[in-house]
Structures are given as C-alpha cells and as structure tokens.
Amino acid sequence: MTDASSDPEDRPTNTGTDADRSDERSPTDTVDAEEDPENILEEIERKRSLRGWSVVLVAVVGILFSAFQMWLSARGFIVEVTVPLAGTYRITSFETLQIRSVHVTFALIMAFLLYPPLTGAGRLTRSIGGFLDVVSNRVGGSIAAAIAFLRRAVRWFCFDPNKERITPLDGLLIVSALLPVVYFFRRYDEYQNVIRVLGLQNAATIDEIFPALEPLAVGPLATYSVAYLLGILGVLLVLEATRRALGLLLTGLVSIFVLYGRYGYLIPSDMAGIGQLAVRENRWDQVISYLWYTGEGIFGIPVSVSVRFIYIFILFGAFLEMSGAGKWFIDFAYSLTGTRKGGPAKASVVSSGFMGMLSGSSVANTVTTGAFTIPLMKRSGYSPEFAGAVESSTSSGGQILPPVMGAAAFLIVEYTGTPFRDVIVAATIPAVAFFFGMWVMVHFEAAKHDIGGLAREQLLDLKPHIKRGWFYLFPIVLLLYYIVGARLSIGRAGWLTIVATIAIVALVAAYNERTRGIIAGGLAVALAANIASYATAGVGLITLAFGGSGESLPVAAALRAGLGDLDAIAILLGVAVLLYDRSGTAPLLSLDSAVDDTADAIDDRLGRPVAASRAGRFATFILKSMEAGARTATVVVVAVAAAGIIPGIIGLTGLGPNLARLIVTVSAGSFVVLLLLAGVSAIIVGMGMPTTVMYIILVAMLGRAFPEFGVPLLAVHLYILYLGLMADVTPPVAVAAFAASGVAKSEPIETAIQAFLLSLNKILVPFAFVFTPGIMLLRPDGDPGETNLLSWADVTDFGFFVPEVVVPILGMFAGVYALGICIIGYFRAPVSRVQRVLYGVAALLLSVPGLVLLPTESLLGLLGVSVVLETLAADLLLRGVGAALFITLLEKGRREGRKESPSEPASPTAS
C-alpha cells in the first residue's frame, strides 16, 4: 500500500495505515514486482494507457455507467425525485429494451475509449503499408506526395500505435453509438406499434421523420427506414467493439452466425449430415429486426443477466477490492498458511481462489494477485514455471467458487431457471474438491523439493491482523445472508452489499481514538430515533425529513425496519464525523493503492491536499470503485452482447432442434462421446474468450442435446463451465498461464503445460458430478433432466444417501488426492511411472466409474452382447476396486518414504 501523502508538512491529514505500522510488514509488502502487473494486463487485454484529459473522460463515463446501474438496482426502472416537505414526484419510467440499450451503449462507448481501433502492428496493415511504399517509390512525384498525405491522414484518423490517444474515429463511433439509443427513447411508440407488428420495412424513413431533410433522402436513406439503418449500425458497432476488446476469433464466429441467419437456406436440406443445418430463408430486415429490436438477440438473456446481476456484482467486487480487502485477504492467507510446508503456494491457492471468485476474470486475477504471490513462491523455492502454473490454475478456478462464481452463476440461474441459492449449494462441494486437489499438489511439490514455509517473523501475526480487518468479512457474510437467509433478489442483494461496504469504509475512515465515542454514541442515538420514527410515523428518519409518512408500525416491525437503515445511517454519520474531525487519523483505513494513487493525482492537479484527506480519500474510494467496476464490466457487457447474437440466430432460424439431433448423431448416441465432444468444444471455444461468452455459446449449441440422456440440467451447465475454464490454461492459447508467465519471468509454454496438468481436476470433478448428481446434493425428481436439492428425508433415506451421495463424494475427494500424486509424482518418496499410471487409474475408478462402465457396455453391445453395466452395484464395485488400489499404493509409498526420510509427513494436512 502506498502512502497517500508524499509530504507530511503539506498533507497533515494523510492517514495511511501501512506507514504507521512499519514494524508489522506483511510478506507481500516486501515484494518488488519485476514488471508492473498493470502493464502486463493492459498488454494482454489490448487496453490503452491513456493520459491527461482522456483519463478524466474515461472516469466520467465509467462513473456514469456505474451510477446508472446502481440506480437500477436501488430504484428499478422508475425515475422519481423526492423534494423535502413536498413529496415524491415520478418523472418517467423506462421500458426493458430501453434499459438494455443504454446498458450496451455505455459499454460500447467505454470500449471505444479503452481499446485502440488500429495499432498498425497487424500483418494486413504492414502488407498494405509495404505495398504503398513500393508504389510510392515507383511513381514518385506528386502521386507519391499524395499517397504520403493520405497515409498521414489515415494514421491520424484511426491509428493509435502507442495505445495512448483517443482518435477521431473513436469520437465518430461514440457519436454513432448514441444514435440507436436515442431512437429507442424518441421513437419507442414506432417500435411498439409498427416494428413489432409490421416489421422494419414499414417504419418511417428519414424524410418522414424530419421533413426538412427531404433533399438528403437519396439512396439508402430514401429506400430504407431509419430504424433499419440504425439497427444495422448497432449490430456493426457491437461487432467493432468485440473486435477491439476480444479479438477476431469471437468477432468472426459471431459474423458467421449473422451470415448464416441470412444465407443458411442455401445449404441443401438433402445433403447427408450437414443437411440438418438447412433453414428457411430470412431477409436482412428480418435478421436485423430479430437481433436489434427484440429481447432474443443482442438485447437477449445474456444482456438481461448483465443488467440485473452481473454488473452489480462486478461493481461489488470493485468496491471490495478498492476498500483494501484484496490485500487484507492475501495477507490473511499468508498468516494462516505461510509457515506450512510450501506455505506461499498454499496461500496462493486460498487467496487467488477467493479473489478470482470476485473478479470473474482469470487473466486479471492472475496478474493482480500473482504480483504478490508469484514472487513469494519463487523466493521460497518453487520454480518460476510452477509458481506461474499454480497462480493461473487457482485464479481460473475462482470462477467455480461460490457464492459469487464470477458472472457464471447468474447466467446459470437464468438459463436453467434454478434459484441462485440452489446453484451455490450444488456448486460448493465440487469447488472445494478442486481447491483441495490444488492444495494436495502444491504440498507434494513442496515435499518433493524440500520447500518449507516462511519464517513466522516474516508474517503478520494472525490475531492482530484479523483485529485490524475483520470488517472486510462482513460484506461477504452479509451477501450470503441476503441471498440464502433473507432470499432477496440477486440484484437487490448486490446493491445492499455495496451500500454496506461503503458504510463500513465510511466508519473506518472516521474511526480513531478521539472519534470512536462519537461514532458509537451517534449510531446508538440515530438508530433509536430511526426505530422510534418507524414506530410513530411509519417511515424512517430520512424519509420523514423529505416529507414522507405512513402508518405507525408495531415495535418488532419498527425494530426490523430501523435496523434495515443501518447502512445509510452509518454512511451519513461517517461523513459527518469526517467533516467534523478533518485533522484526525484513521488507523484502520487501508485502501487499495489505486485509490491513493488517484488521490495523489487529483491533488497534484489541484495543487492542494484535498483528495488525500480522510474525507477526500473516502470520496475518491467511491468514485474510483465506480470507475474500476465500469472498466472491468465493459469487456463482459460487450462479450455478452456479441454472444447474444448466436442464440438469437438459432432462435430466428429454428436451428435448435436440428442442431441437437446433429450433435446426438455425431456422438453416435453415446453419452460418453457427447461429454467428450462438449468438453473439447468448451475448451476450444473458450480459448481467448471470456468465460461468459464460452458458456453462452456452448449452452446455445449443446444444451438441447444433454436432456435426451436424462442428465440434470444444472449438472450440464456446471460441466460446461468447468471445461470452458480449462481453456485459460490449455496450450497453445492459455491466456491465464501466459499472463502468469509474464509475472513469473518463466518459460511460457512450460508454464502453460504445468498449469494444464495442475488443472486436470477441472476435468475429473465435472465428470464425477455429471455421472453422479448426488455429489452436487441433487436427487432426480422423476422427470428426465430435472432434479431437486436433497431434503432431510433424502438424508435420512440411507439406502439412497450413503451409496449415491456419501460414497461418491468420498470417492471424488480420494480420486482428486490420487490424481494429485499422479501429476506431481511424489508421495513420501518419488513415485515411479508405473505407479503414477496406477494412481491415475485409481483416481478414475474412485471418482468416475461410469467412464469405465458405459464404454464397456457400448463395446459389448457392438459385439452383440446386450448387458447393462451402469448399475449402482457395478458403480460401488469399481469404486471399491479403486479404493483397494489406492490404499495399496499409499501403503507402498509410506514404506518407501520411511526408508528415505522417517520424518516426512504423510499428507498435506500434516504440515
């Protein structure tokens, strides 16, 4: 954490805590990054490094974007203004499509500001430049001068080779992005009464809307409606933002689907195999109308989920990170595990998994968290390649960790219709199994190379560290309460948790020895008055001050309502104390360094210590969190908008049922082949794409095929998520592993290979729960593909619970343990190649005996032997064989270990 002040005399109000506790440095405070992680992240994500007014412009747009989303979460689609002593006045209300269009437009503007249009480094650009050089050299004279002038003009207009300036093309595209959303607000009646009923062809042309522009109504402007042209513009802008933020792969894939929607009818329906992809003919206006003017295309389910759930939770993650929670959690993990064998790597497993859950980005979490964890792993004795592999594997695994799971959980909720509470309960045991496997592997790697932990004096004392930052745990606990206990909507829970985080930071910023009595007394008095206000006037103090009123509430109801306003009261009290006690200190305030850097930059511009004061840092914290949330969300919103085109085209063409039949045909009716096909597809599609995009594409293309095999829908969706995350660590793309390699200064391909091996649990675990849904605490309810969470009656039904829940869960954890030994090649002593293979076989039999039973059953069927092998008895038998093999191998390893080193621990929990 950097100190908020560079000159104590000029900035007497600086209260950074790390400077005040120089004798209690955490191990991460001593890490000197070999390369700025922000530079690595910007390079990987293709972002600009803006300066000057451009930074301010991005911040303003980002803050407005977040403010818009916070308003939606707090107040919904209605815009109201409350006037003190006069009441509340409703100004307007938004329609669903209007809200989604504003959401996407904000993301488009941010994308055009953050990502350069062209850098001139591409092969095509270089080829054109080389061709023009040859032409100029040959013709010379005035023609060469004209070519040189045009090249300079084009470079000025749309090239940004250094990724540091906003080009005129960006400005043009930003203005263009505003036109479609303006249409949704100014001509919404036409959309409802004409476009939805009669189609785009019957909407008004430009001269019908603006008679004064009739002379300009020539060519397309005279032939096509304004709505049609704006729809084309909107689709093209989404594709351009996708190209900039996510690259050509997704852009090309989405473009192919758009063309397929128009020309898919040309595929001969009688052609073997591929004939099932033949669809009816659609005109371009029908394609554009479906993609831009319905809730099925760009503004479909993915964007709907982004509006309601994803953005607000990304914003919550930004507020939590900027509050300093990220650094505190990393230090907490090191204090908890740092002294154990391989402690730094184990701390990475804990901290990176937690932060990856919040960030929703494997690459971003790998770089930001890895900047602390990777150097410490290297310092303790792990190789640079292994350190990078551990960080990238656990960072990508964070997106399967409840309760947040990045953005994936919210998409699963929407696509499966499963309550959020059920999703996080079902996902918990598989996620714990994956991280248990990571813990096992880093332990055995440490034992293999005799890597110890950090010395206790290098770590913060656990109890004082918890005392200084226990409040960081409160938002997470509160989030779980809102979702699981109070059963609030996901968006509402996210909003209330953000408010709680702001309230906590306000009180922490205001707290010191001089103000703690004022804060405690103020909270007590304000709460008592607020409860009394509810009991007498039926509304809280804040509403009462604005002229609101209601019926008096009973004491119990008034108490609940009064406590519900605690966060707002805390914020107001904290701000009041900050303004009252301007020169005080804040011993517990430890905001993220990005907040302090921003405060310093503001003060440098103003020439006065304003933002670096306690009140200024609190305000900077809120604004920086809003900007950071918008920056993170931009690529997600662009991605889901583009990905929405694929299910949109599938819906427009009616391709879905035919595609499902084609997939089943390709898999030859084999469930195992279908799983392998889906897994390979998830890894390939997920290469270089955000997890959300991969998930949307795979669910749209493969989701219809699985129910035919009776697989629980929730298990299928989680299976696709797990396998898609493997793409982040699978060569040759392996973006997360390559990002970790940049931080670790390791050999990239070797880092990616090791990361892939360490992540094999992301393949074993999903196969286990797809074959045995009891691992996810699910029980079939009779309908194919439908399941319910286990009830107490299911738990007491030992004939079901033991063989189909307890045994598979224990088998999965034992299988993960065996797979860890297989990958690392060590248990008490080095493990031979033959033993590693046997450990792998044991892992398979313990976790997924169905992968042996089903193929064997299919093979016997081909030989004319009709037999059913996939039975509960056969499942338990193979698990028993796997357990016997596993125990035998462990005992052999113990004997060999005693010969080599009698003191060597037997398990990762022993150290």
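Backbone N, Cα and C atoms are what each Cβ position is placed from, and that goes for glycine too.
Per TrEMBL, the feature region 'Disordered' maps to 1-38.
For 8-27, the entry in TrEMBL reads compositional bias 'Basic and acidic residues'.
Residues annotated as transmembrane segment in TrEMBL: 52-72 (among others).
Here the transmembrane segment (97-115) has long-range neighbours at 46-48, 50, 54, 57-58, 61-62, 64-65, 68-69, 72, 77, 166, 170, 173-174, 177-178, 180-181, 184-185, 188, 191, 237-238, 241, 244-245, 293, 295, 298-299, 303-304, 306-307, 311, 630-631, 633-635, 637-638, 641, meaning same-chain residues at least 6 beyond its ends whose C-beta is under 8 angstroms from one of its own. Among the features that TrEMBL reports, transmembrane segment is placed at 97-115 (among others).
Residues or ranges marked as transmembrane segment in TrEMBL: 135-154 (among others).
Outside the transmembrane segment (221-239) by six or more residues, the chain places 104, 108, 173, 176-177, 179-180, 183, 187, 190-191, 195, 200-207, 209, 251, 254-255, 258, 285, 288-289, 291-293, 298, 638, 641-642, 645 with a CB less than 8 A from a CB of the stretch. Among the features that TrEMBL reports, transmembrane segment is placed at 221-239 (among others).
The domain 'TRAP C4-dicarboxylate transport system permease DctM subunit' annotation in TrEMBL covers 233-565 (among others). In the predicted model, the domain 'TRAP C4-dicarboxylate transport system permease DctM subunit' (233-565) has a mean pLDDT of 89.
Packing against the transmembrane segment (246-263) from elsewhere in the chain are residues 46, 235, 239, 279, 282-284, 287, 290-291, 635, 638-639, 642-643, 645-646, 649, 652-653, 687-690, 693, 697: each is 6 or more residues past its ends and has a CB under 8 Å from a CB in it. Under the heading transmembrane segment, TrEMBL lists 246-263 (among others).
Same-chain residues lying 6 or more positions outside the transmembrane segment (298-320) and placing a CB less than 8 Å from one of its CB atoms are 66, 69-70, 72-73, 96-97, 99-101, 103-104, 234-235, 238, 291-292, 326, 358-360, 404, 407, 410-411, 413-415, 472, 475, 479, 490-491, 494-495, 497-498, 501-502, 625-626, 628-629, 632-633, 636-637, 640-645, 647-648, 692, 696. Summarising the annotation, TrEMBL assigns transmembrane segment to 298-320 (among others).
The transmembrane segment feature in TrEMBL is assigned to 470-488 (among others).
The list of residues near the transmembrane segment (494-511) in space but at least 6 beyond its ends in sequence, with Cβ under 8 angstroms from a Cβ of it, reads 70, 73-74, 309, 312-313, 315-316, 319-320, 323, 471, 474-475, 478-479, 482, 488, 519, 566-568, 570-571, 573-575, 577-578, 581, 586-589, 591, 614-615, 617-618, 621-622. What TrEMBL records for 494-511 (among others) is transmembrane segment.
Residues annotated as domain 'TRAP C4-dicarboxylate transport system permease DctM subunit' in TrEMBL: 622-777 (among others).
Feature annotation from TrEMBL assigns transmembrane segment to 692-713 (among others). Residues 246, 250, 253, 302, 310, 360, 406-408, 411-412, 415-416, 418, 636, 639-640, 642-644, 646-647, 650, 656-657, 659-660, 663-664, 667, 671, 674, 677-678, 681-682, 685-686, 720-721, 724, 727, 770, 773, 776, 778, 780, 784-787 of the same chain sit 6 or more residues outside the transmembrane segment (692-713) yet have a Cβ under 8 Å from a Cβ within it.
Per TrEMBL, transmembrane segment is recorded for 719-743 (among others).
TrEMBL lists 798-825 (among others) with the feature transmembrane segment.
Annotation source TrEMBL lists transmembrane segment at 837-854 (among others). If one looks beyond the transmembrane segment (837-854) by at least 6 residues along the same chain, the residues whose Cβ comes under 8 Å of a Cβ in the stretch are 670-672, 764-765, 767-768, 771-772, 811-812, 814-816, 818-819, 821-822, 831, 869-870, 874-875, 878-879, 881-883, 885-886, 889.
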